[in-house]
């Protein structure tokens, strides 16, 4: 960039913010600079107070049995580990000096939302915002680095909102016709579909519990739910309808499209699976734009929500971890660390595009946010059950047209200590080495053995790992209810439990392209189904205080 092209004031010394360079999407066409009086909103993630102490606290608590853990309170978190008020004051000065306004400050999450005209944003962050056209839709982005005044660079960990491309896709799959088209299923269609109640029975969810006293947060980046459809569905199952509330994030709201094949399918699948199995819990649905800023703000809003106070967060959206800017992944992971400290269990779908996660670069990829070590990654199986008993369960893999469970080895997150004895293989990518293994657990996800749900008033069958995240969310809600407190960060605990609390999946692979079949199911943990599908009552018993006291 020449001196003539610099968008910032010449007298300011600038520093590059690491991890913000973005590669443009394949087939994207640069259509020139963003102009006009459009107002741009940007989320700035500030450094936290005593971040090392927070990580140490989470590690200490994770080593304890769930009933013995001491979680931080939301009310005190902002003062102890949020961004400092002095840093917010500096960001306000920075904003005002560059023609921006500070619209919102979230102390606990450590985020500041700034807005202003295009020219002001360009000058403040040392970028030139540009329009890009793409077959999947146009978006705004920038080329090169993000640069801020050297005086405030140490305060800033990430900047979200300069790039508006969708960062995630919903991980659900509709059942297909034989010729490969998708179809809505009538009540009289093939019997290889289950209600959530059927699946819970097969997985031996503990009975006599309904999630009372819990709040399950569901993150949605599009679509909406129809209250009539939800009422129809829960009535058909003979269960009480849960309380469902919507929360608007960054202007997004509950906006059902009326198209059961669109994002409404994701939203209502999530609510219906979680609500059917934990009808006593409150379901809080956080709607946000499908951008990096929207996704982050939805998660931080849910995790730090002082009104609904979720104890569980279910995420059915994600994308290949290498499609995220490094700074964005780090900031999202920080939000998941917050959740762990607050005793919030976060679950995410592992993806529906096999070991490549839908990428076409010849490499193996895992999905984010499932790859975060603070997230319980949920893979997918093909379940055959009868009369409440599992007859056969294998890795879900229907090939490139039908989808397959995500899973593999992260290229970004190192191998966590709690996975060191799980025999996580090295990454299949050349020279990549070890890393966080994905998924942690699994459940029914094959559309051929999918979930019968009602989407926009239409009965259909849906699969995908999207169904597994709310399935486990409901199980955690029941466990929390029984324990009388949230289990919180579950990952380290699950890897210490006896293998008998899971149904081990030992057949299949997630090589969607049928190449080397590098990631295979096998005894114990594997990169297709993790530790296996749950045996719910055994999992609960293993987490009860009496069980932990009996262990050596």
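Just so you know, glycine gets a Cβ as well, placed from its N, Cα and C.
Swiss-Prot lists 266 (among others) with the feature active site, charge relay system, giving a curator's inference as the kind of evidence. Counted within 10 Å of its Cβ, the other Cβ atoms near residue 266 (active site, charge relay system) come to 26, all protein chains included. Taken residue by residue with DSSP, residue 266 (active site, charge relay system) is part of a helix.
The active site, charge relay system annotation in Swiss-Prot covers 270 (among others), and the record cites a curator's inference as its basis. Neighbour density for residue 270 (active site, charge relay system): within 10 A of its CB lie 31 other CB atoms from the protein chains shown.
DSSP gives residue 466 (active site, charge relay system) a helix state. Annotation for residue 466 (active site, charge relay system): spatial neighbours 170, 171, 172, 266, 269, 270, 316, 349, 352, 445, criterion Cβ-Cβ under 8 Å with sequence separation of six or more. Per Swiss-Prot, active site, charge relay system is recorded for 466 (among others).
Feature annotation from Swiss-Prot assigns Ca(2+) binding site to 504, 505, 522, 524, 526. In sequence order, 506 constitute the residues six or more apart from residue 522 (Ca(2+) binding site) in its chain with CB-CB distances below 8 Å.
The compositional bias 'Basic and acidic residues' annotation in Swiss-Prot covers 1-17.
Annotation source Swiss-Prot lists region 'Disordered' at 1-34.
For the binding-site residues 504, 526, the largest tally of other C-beta atoms within 10 A is found at 526.
If you take the C-beta of residue 505 (Ca(2+) binding site) and look for same-chain residues 6 or more apart in sequence within under 8 angstroms, you find 381, 393, 394, 395, 442, 521, 526, 528, 529, 532, 533. The Cβ of residue 524 (Ca(2+) binding site) lies under 8 Å from the Cβ of 422, 423, 499, 504, 531, each on the same chain and at least six residues away in sequence.
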